Amino acid sequence: SDLVLILDFGSQYTHLITRRIRSLSVFSLCLNGTSSLQSITELNPSLVILSGGPHSVHTPDSPSFPDGFLQWAQSNSVPVLGICYGLQLLVNRLGGEVRVGNTQEYGRMEIHVENPSALYPSDKVGHNQIVWMSHGDEAVTLPSGFNVVARSQQGAVAAIENPSAKLYGLQYHPEVTHTLEGMETLKHFLFDVCGIAAEWKMEDVLEEEIRVINNTVGPKEHVICALSGGVDSTVAATIVHKAIGDRLHCVFVDNGLLRYKEQERVMETFEKDLHLPVVCVDAVDRFLTKLKGVTDPEVKRKIIGKEFICIFDDFAQELEKKLGTRPSYLVQGTLYPDVIESCPPPGSGRTHSHTIKSHHNVGGLPKDMKLKLIEPLKLLFKDEVRQLGRIMDVPEGFLKRHPFPGPGLAVRVLGDVTEGNALDILRQVDEIFIQSIKDAGLYDVIWQAFAVFLPVRSVGVQGDQRTHSHVVALRAVTSQDGMTADWYYFDHKFLNDVSTKICNEVVGVNRVVLDITSKPPSTIEWE
């Protein structure tokens, strides 16, 4: 199918462009905007989009596409669309002029479509649109061959194009919901202007992944799958099981960082509903010993990632004794957001990034790992993984489970996870919160909900006595893909009932707080 390639220059909305395009049944991928020309051309994209970003084209270290890119695009008739910073980059690289704007434009703005163009259908000419702007610089002189087709109310350039060269630019963000006609503009551009075909389907993805796995894994080779009990690793395991059958060996590790009765519940699901061959490894002491005294969340992730791999290596050795051959591969349920959040921000000058988090499947793996990775979901978002699961008849109740981080409760206990009875308290609080959400019929409405153990105590009054006990936080968010999220608006009675139940039933807790922060600026998990 056609590929729409997004060159990422650091915009917080870049992943949204990917999601919006995929929702139109067109495959899209993000690539660092400073990648080599070969990295771009070997993907053979049908369209390239230059994303926005926080940089200014005036600064000497501002990121840019590689030399020769525009010549390659034009010689191969590949359209290029610049969005926000991407528009300014096009103008600047082609000899136009970009200056600091007299008036900066942020938030909802009105633009006027002035002239007939390829970017907008003919019935939009002469009309106004509400769009989402986020720029301080503006294009003031366009390169040869370009026309202005839309301006903001303040007179700033809002859309430009050079149809003969297949070069286009939007100063605003069509991918965000605040741009009311943004999806309509994207549809028109993809299908009517660029001739992209809407042919990308999950059924084709499944077939392709099975083919790739069969081509990767030799006919006598065996594979280990790390099952966490979450949707991602389970769907990944089901795909690999379809491809190679009994040569897949699943392992579920109890690392002491699981939710309330998680081991029993998950193992029962694997056996009764999914019919996957799973061995449970008790590694509670092993993990908690390594985590004792550790408070830095990045260090926790690294320790946990390394320890998981050590256990998988041990498991591979045991299988080698049994099978006469050592497993060569490890399956993980890494998703596209995990990859994106572990990548370096364009223009940062770093080879890797810790600005968000190192995902245990991406940035937390040791360099000397013996097993080779199979990650059949690494280009998919969570909702796409659920679609794959439905195609393979994974039970709906399992597919709707809320995401659970690979490092488990280690990132939900702020501070040392081994201190006192923090893990036991957190398990009880989390169970009450989640069960209350289910009882209220809200579980499927919420993307993710969980409790957090805070490293503070507060004074309270319980049973007519002064207490100095722990504080816990509750977090619930709505989201489409986990890349952005908004906190869920609970009814006050629900919150009152949950808070009362927690303080009455969980010994050692006398205060409950609610997290009302969106992502960004926060992440979904606390850490």
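Glycine is no exception: its Cβ is also placed from the backbone N, Cα and C atoms.
Annotation comment: TrEMBL describes 200-401 as domain 'GMPS ATP-PPase'. Per-residue pLDDT, averaged along the domain 'GMPS ATP-PPase' (200-401), amounts to 84 for this model.
Sequence annotations record features per position, and here TrEMBL assigns ATP binding site to S228, G229, G230, V231, D232, S233, T234. Around V231 (ATP binding site), taking its Cβ as the centre, 24 other Cβ atoms fall within 10 Å, counting all chains.
In sequence order, L227, V235, A236, G333, R401, F404 are the same-chain residues whose CB sits within 8 A of the CB centroid of S228, G229, G230, V231, D232, S233, T234, the residues recorded for ATP being left out.
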